[in-house]
Structures are given as structure tokens and as C-alpha cells.
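Per TrEMBL, the features are as follows:
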ACT_SITE  326  active site
BINDING   150, 234, 269  ATP binding site
BINDING   570, 739, 769, 771  Mn(2+) binding site
BINDING   642, 906  substrate binding site
DOMAIN    1094-1163  domain 'Lipoyl-binding'
MOD_RES   1129  N6-biotinyllysine
């Protein structure tokens, strides 16, 4: 046994000796120096990537960080972390070699890994490590120097027989040298940093005029990024592929390649997407690229990891660009296809191990499938990839089979600063081939949710759906030549927008001042049951079948009284400040459709509802119309059209009114109740014509004021109304309406007016609209019906009375079993009313009963319209004038007389109201106003009325009051809108698409045409409909998408004037930063550039001001450089948007700016 064991030992020794002898030429044995502690002289994801590799190898890790990086993740991932560059600028800290070496020595660091960027290609850093006795994880200092010097690297490539691009033999040191090269070789040329890569200091110049500016920018960028501004120049090859070969060498002369990567998808010479291996690359070309890369590396004795980069032109010729003597950002894809951990290999080679020892032989390296890397950055593709900064409010990554993520700052709460690279996370997808890997990448990108900062994800998604990318080869011009990549699908961001809105309300209170402390009810309304199947046939079916004329005949021929229900609009406008949301209207809509099919119509749109939906509810009014139309297909819809003012408060070009009616009809509107606030016939006729041209039912409405039963009030006499009705019937109205907006019709006046109209127009249907402010509404409407009215207005009982319409239940009950029987089941009215009684409680803070307990018969004296009566009462309390409301009402009556006794309905009623509040606030009597009219500063609405902006009142303007107020101001004669040029809808749509993306609809265009500023603010928020906002609630974003939200806490005020608001969203902690508007008034901030003010130039991105090129008084031309900004190591020149003179400069060199901060002002 002993002899046997001895023989075995002898045989093993012989075998070992043979093996050592065979391998001696390729791997001479030397003592390995084990690495026990590694420092990474870098930050972000590459630092973490190296830390992970070290941990896998049992090596302790050390991080360094700048003062600005105190909260960065790489600092937390290391075993130890130390501050460097105290007091230095952010980038300079990571370039400060003495500090880095000091930390390494003091903490017994064996090796320093430089990562990429910063000091990774600085030979003086590699030498400093060597001098300090610390291993440098990379090539020798001499190799780094040779490869880092682009000119020397080029010379070595030539020596190795590798093709090169024509270029300078040494770094240039002056603009004159650049000019001489351009004259010799012609344009285009390219500047490159001599001591670094990554696109920094790289500028393409195509014309002589661009040469000086680009030389200065390239020099400055290179100096900032690498500490050396040296540049060299090459002839720029058009539309090449960018192919790079990964090499790995050891200390014993062994060099292998790990195949190639295609990095052609670039922007500003920075790689965006990388693929390994290169797609559809000619096999012979592939072999030549590999061979040239290895030969060059062997020539210089290259050790550790590196990359040899080539350009391949359209003829298949390749040219050497440079060697990156470091690990590349895109090394990940090589690892995925070769199963070689490059960082492991780097560390082992640094320890002195040979490649064969590590099992890394060329014939053993195989390609397995395909891998793609995307660089997800905090850049906004819609704004030229400008870096975005701020706080990540939400971060959810895409994961799963075939996906690898390398990141650092990608987490909720992370602060993205302007000081460093914009890389957020590297996403690597692997699959058996390019289509498979691309499919996985698309899926992963779709899973990402990043909120708080802009990212390039929408752009990357377009790349991965591009046919050329998926099925052909791409070159470095791929992005520039495929502008459809910039047709970005906007992110919805619904949940976070909702939290921002709620946070704003929690910090700053509601957008509307609420003078009461009433809280919304916590009880949700019960929706009454609805029978299955389609709803019964209604009057809309008649309209669709017989058209507007046939519809009008059917209304006139109907036996019994028809009702129009205002619950869906005017009732809640009068009682609840128009705050009822579409959500609550939709819930009751099926019940209305099935149980009130014999209604004349539902008034549910137009008037104040249109702008309030966007202004206060953040809802699209068109979407409301569309959704209600789908739920109530059988009952006609009616809207309020303010004649030539459409749904606005000003005059519009005629074509805008016509277009609005056309779009409204297309979206489901049926009856257009057309009125004018002064009964000014030309304005009414335009609205009637527009509604008729759209195919709608024209219902011309005469606004009623005064009292036709009072012989002492003759300005608005019975004869006045009959003559006006004559004109409207002649103009072709289908329905004649009396719009009693203040509820002034008494039963006797009702009989006189409606009786006269019925006698005059026996075949024309008559509709009466009123308000119940005085409490006589039911009696008046029944009197109208007895006198021949076909239709009267009602609101469901719980939404009726006071400044709303008369009670539906009361009218139905009083008419039952008479010739006026409505045919409506009273018990269904009760169910309908019960829903709204509870739903009304949800809007308690806006309910007029919070400040107003009843109607008042003094409306017969002050003639305040119902909706305005509520608003004035509300405003008086908001302004602390609640105890003076009686004075406000008296002043309203006096203001009306001052203005000549007007028809009072929006907008004329607002004019009277503005003058009344002006009188109360300034303690002015009617006589004093008349006497001092030439010296008082009247509300703008009053001045514009007197100028003729809304038309000419019956009886003309009051004199001499008008002349005293206007003095020399212009006066408009005739219809105000007649002189306006047509609206250019195409230009408006193009502008909206440029501002908000391509999802702009014809409805959006009309909203912007009516209310430009309101629509702009609405689109910026685009909030979703909510359920009741309580401390904890659910809301439906859409079918199957339910959010559970719980408000948790408010944070303290920060230096930026913000408070952090904490929520729980679907069980996860979320927070948003909200500006405290009260606190910010006491704090000073840099002004923002206003896009609406011509000549204000704002910062296109957050960053630091490097240079201001102009001063106050300077003359500038359009396109002239004004200043230079630097953000994330990328410099941007801000050019003048116009020719003019510099009026003011708001920044200085070294100033730090946020996006849109005001830089300077230019005047023409």
C-alpha cells in the first residue's frame, strides 16, 4: 500500500511538471498578489457593478463620494465609504487624485478600479496608484497613456496594419490648426477629446462658419470632463456603423477577443442602444475586425479589459477610431452572450492570473444568442434630449426572464442632480436572437414607471418598434433620419397627477375659496334599480327619424305638458356652483334613460358648465357629453349657446361659432338654446344660423326681464317681446323659448306673455325656462302651460327650489289627471330625488344652503338671475361681506339703472354684478357714480360693455354716463364679432400638437379656441374624475383600474418652499412635493420665463451658467448665441429666439439654474 501511494505521488508530480512545461510559454508562473480590498474611484451604477463582483469573490469594498453624492446608493452598497474633494465642484471631486490615493492608503486598499469616465483613462492616475503601491485595475500607466492619446493610438494602429481615418498626427492647440486641416481635407470634420471618450468634447462641423464655436465648445467640454482640453481632428465619415470589439489581455502577452458590439444607435455621439453580436455583419468583416483588434492589443502589450472601436462605411471598409483602455458602459451585453464576467476577469488579471488559468482561451469563447442594452436616462426626447433633474416620485422597473438591470439612483425618493451623467438605469435583454431580445426589451420598458423626472423611455419604445431596427442594419444617422422616433406617446401618469392634486388641496386648500366649514357627506348615494334591456323610445328617436322640423311638429302635437329636466346642468349650477362631476351624473343616467323617456330634453351641457369642467373639475366637457350620450340614447340633450359668444364670455370669429356647433352636434348634442345677453338680434341670428347649419334643433330664446303685467314698466313691454319673437320665427327657429333667468315671471305675466305668443304663433312650440328664487315658480309654470306653453323647465325635487328650477315632483303631481298630465310616474321622481338628495351632500362645501337658507321675493326688485344670485351670495361671504348682502342686492338694482336697465344674463349680468360690488366696496351711491364717472377706475367688464364689446342694448347705451366713462376710448359699432378675422384652426391644432403631443382631438381644438388659457392649464393637469375625496377612498381610473388612496401626513416646509405630502397608494408608500403658496410669498426665488411674453428667454434645462455672451443694451440677431449652459457634463448654447436689444440679464457666470429660469429679456 505504501509503495502504491508513493508511485501515485510520483506520477502526479510528473503529470504536473508536463502540464507546467506545456503552458510555460503562455503563462509563466509568478506569485499572485491576492486582492482583499478594492476601492472604486467612481460613482453610480458602475461602482455598484464592481462592488457586486468583489462581493462574489470575497473582496471587501470601498466607495468614495463627493459632497453632492451623500445620498447616492453606491455609497451605501460598499462596505466602507469616504468623502473626497471637500469644497470642490461635483465633477472635480472625482478627478482629485491626491484625495483618492490618500483614502486608499489610509484604509489599506489593495486595488483601485476606475470604472468608466472620470479618471479611468488618465495615465497619471494609473501611475499615481502604482507609485502608492496600490494596484490599478486596468492596463499599465504606459498603455493607458498610449491609448489615451488618440494621436499616438492612431500611429500604433497604423504600425499594426489597421486602417485609420484621415486625421491630425498630434493634438491641436489652436483654432488656426483646425482651420488648416479643414482647408486640406474639406468638411465635414469632427473634433474629439484626446484624453477621453463618451461623446464629451466631440463635435461635428459641417460648415466653416460653425468651426470657431464648435472648437471652443469641444475644448471646454473635454477640459471639464477629463481635465485636459486637448483635441484632435478627423475627417468625418458619413453614415457609418459603429462596431467595437471587446478585448481582454493578461500580464503574459495573451490577448483574446470576446466578439463585437454594434453601438450605431447614437445621439450626439453618445450611445443609446448597444447590441451584441452585431446584426447582419459580414462574417469576413467580422473576422478582420477581431484580428485587427487583437493584433493592435498585442502590439502594445495590452493587459486587462479594453475596447477597440471601428467605423464601418457603407462599402464594408472598416477604420480604427480609438482604444478605450477601460471597461465600457455596454460591457454587459458581451457578458450576456459569452457568459464571461468581465469584472471578475479584470480583478483576476490584476492579481497576476493568466487568461488560460481563468479558462479564457479564444477557442473556448462562444456566442450564445443576442443581448441588447438600453440606456434609460433622465432626458426629455421631446425637448432635444435635454437633461431633466428633480426627485423621483415613483420608480417601478421592468423585470422578468431575460432582463438584467444595472442601476444606482433608480429608486423612489432619489434626487437626480444636474451635476453628473443622466444615466438612470441600464436595461439588458437577452434572447436566442435579435427579435427575441428586442421583444423582451419592449416588454420590460413598458413595465417601467418613472415619475417626477422625464426619461427617454418613450423614445426607446419607438426604437424597438421600428421596422429598420428590427429587420435591417442601422448606422449612426439612424436617429436623425427617423424623425418618427420622436412621435412620443405621452405617459398617462394618472395616479401621480391625482396625488399631486390631492397634495395641493391638502397643503393650499381648495382652488376655490370656501367661506364655510361644511364637510362633504361620507354617505354615497344609492343608485335606484334599472330594468334590463334597451330604454324605451323617446323624443330623440323622433328627432333622429324626422329631423328638426319633424321633431318640432311632434312637440307641438303632443298631448299634455312636456318637461325639460335641468338637474344635469342649471340646477347644480344654481345650487352647487357647477361643481357636480361627471362621475355622479353618469351613475344616475341609466335610470333617467329608462324612466323619463318622455322628457322633452335634458339640459346637461354648455353655458358655464363648459369652462368650469376644465377650470375647477379638471374634466373634459366633451368627454362628459360623449359619456352621457352613450348612457342616455333616447332623450334629447339641450345646451345653452350664448349666441355669437358660443360658450364663452367674449366674441369669437364667426367660423369659430359655426365650428363649435358642428363639433357639438357630432358629439351628441341635439337642441341648441340660443340666446344673447342683451337680446341683441344680430348676435342671436348668428348663433341660430350656426346651430341650424350643424343640423341641430334651433331653439331661439328671448331673455325676459321686467314685468309685462305692470303698465308702469314699458321698456320691456309685451309688444317688445312679441316683435322680437316675430324676428326669430322669421329667421327659422324650430322652437321659441322664453328664458326667465331671474324667475321674474309671475302667474299673471305668464298668461299675458305666453297667451300672446301662442295667439301669434299657433304652430310654433313654446318652451319656458325659469328659476324659483321667489318661490312662485310652480305657479308661474302651470300658468304658462295653461296659456299654451308646450314645455316648462323643472329640476328633480331635491335639486329644485330657491335659485334652481321649480320642483319636478310638484309639477307632475299638480298636472296629474288634467289635460297637462306629464305621463311621468311620481314614484320614479321620488327615487330620482332620493339619489340627488344624498349626492348633493357630497358637495356640501359648495352648496348654496351653507350661506343661503331660502329664496327671496326681493328678486322682483333687484332682478338678479338665479345662478348669479347664488354666486353673489357666495362671493359676499368669501369677501367678508355676508352681513352686507342686502346692500349688494340694492347696489345691483342701482347698477342696473346706471347701465340703462339691461337684460341681465351671462355675460351682461356679470357686468351689472361687477359694478354693484365696485359700488359696495367703494361705498358709492348711484348719484356719486354718475357724478364722478369721468374719474373713477371702473371694472374692465363695465368699460368694455360701454365700448360695445357684447353688442348694443335695447334702447341704446346710457348717456352721458357712457361718454364720461369712455372719454376717448374706441367704440364698436354693430355686431362685435363681424369684424374679427376667421380663426385658423389648422394653425391652432399645429400649435396644440407641438405643445401637448399628437393626441390632440378636434374637441381639444374647440376647447382651446373658446378658452385658450383654461385649456392650457387643463392639459397640464389632465386629472381624472374622482370619487368622493375623503381621508381614505377608492377611485376608478378606467374599467378594471381601481386606486386605493389613503392620505397619511404633511411634512415640514423645505428651503424650496415645498412640503412633502405622504400617501398610501394601493398599499405602497408614495409622496409628492407640493409648493406651499402662502409660504412662497415670503420667500425669494429666481423668476421664471413666461412663454406667453415675447422676448423672455428661459433656461432650456437645469444647469450651470458657464458664460454670458451679451450684456444689457447689446444688439442681437435671431439665432445669435446668448449664453452657454452646462448640465450633466454636456454644454448647450442658448441662442436668441429673435432679433432685438437686450433689455435685462438675470444671470451671471457660475449661477445654477432650474429649467425655465429666466436668463434674459429681449425687446424688439
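Cβ atoms are placed via backbone N, Cα and C, with glycine included.
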>> For a quick check of packing: other C-beta atoms within 10 Å of the C-beta of residue 906 (substrate binding site), how many?
In response: 19
> Per residue, counting other C-beta atoms within 10 angstroms of the C-beta, which of the binding-site residues 234, 570 reaches the highest number?
Replying inline: 570
> Cα-Cα separation of residue 234 (ATP binding site) and residue 570 (Mn(2+) binding site), in Å?
Replying inline: 73
> By DSSP, what is the split of the domain 'Lipoyl-binding' (1094-1163) into helix, strand and coil residues?
Replying inline: 0 helix, 39 strand, 31 coil
> So what sits near residue 150 (ATP binding site) in its own chain, CB-to-CB under 8 Å and at least six residues off in sequence?
Replying inline: 171, 192, 193, 194, 232, 322
> Taking just the CA atoms, what is the gap between the residue listed as 'active site' and residue 906 (substrate binding site) in Å?
Replying inline: 72
> Roughly how many Å separate the Cα of residue 739 (Mn(2+) binding site) from that of residue 642 (substrate binding site), to the nearest whole number?
Replying inline: 12
>> To the nearest Å, how far is the Cα of residue 570 (Mn(2+) binding site) from the Cα of residue 906 (substrate binding site)?
In response: 13
> If we check Cα distances from residue 771 (Mn(2+) binding site), which of the binding-site residues 269, 642, 906 wins as closest?
Replying inline: 906
> Looking at Cβ-Cβ distances, which residues of the chain lie under 8 angstroms from residue 642 (substrate binding site) while being 6 or more apart from it?
Replying inline: 607, 648, 649, 675, 676, 677, 687, 906, 907
>> If you count other CB atoms within 10 A of each CB, which of 269, 326, 769, 771 wins among these recorded positions?
In response: 771
> Could you give the mean pLDDT over the domain 'Lipoyl-binding' (1094-1163), rounded to a whole number?
Replying inline: 86
> For ATP, with binders 150, 234, 269, what's the maximum Cα separation in whole Å?
Replying inline: 16
> How many Å lie between the Cα of residue 269 (ATP binding site) and the Cα of residue 769 (Mn(2+) binding site)?
Replying inline: 69
> Tell me, how many other CB atoms lie within 10 A of the CB of residue 739 (Mn(2+) binding site), whichever protein chain they belong to?
Replying inline: 25
>> Other residues near the ATP site, CB within 8 A of the CB centroid of 150, 234, 269?
In response: 167, 190, 191, 192, 193, 202, 232, 321, 322
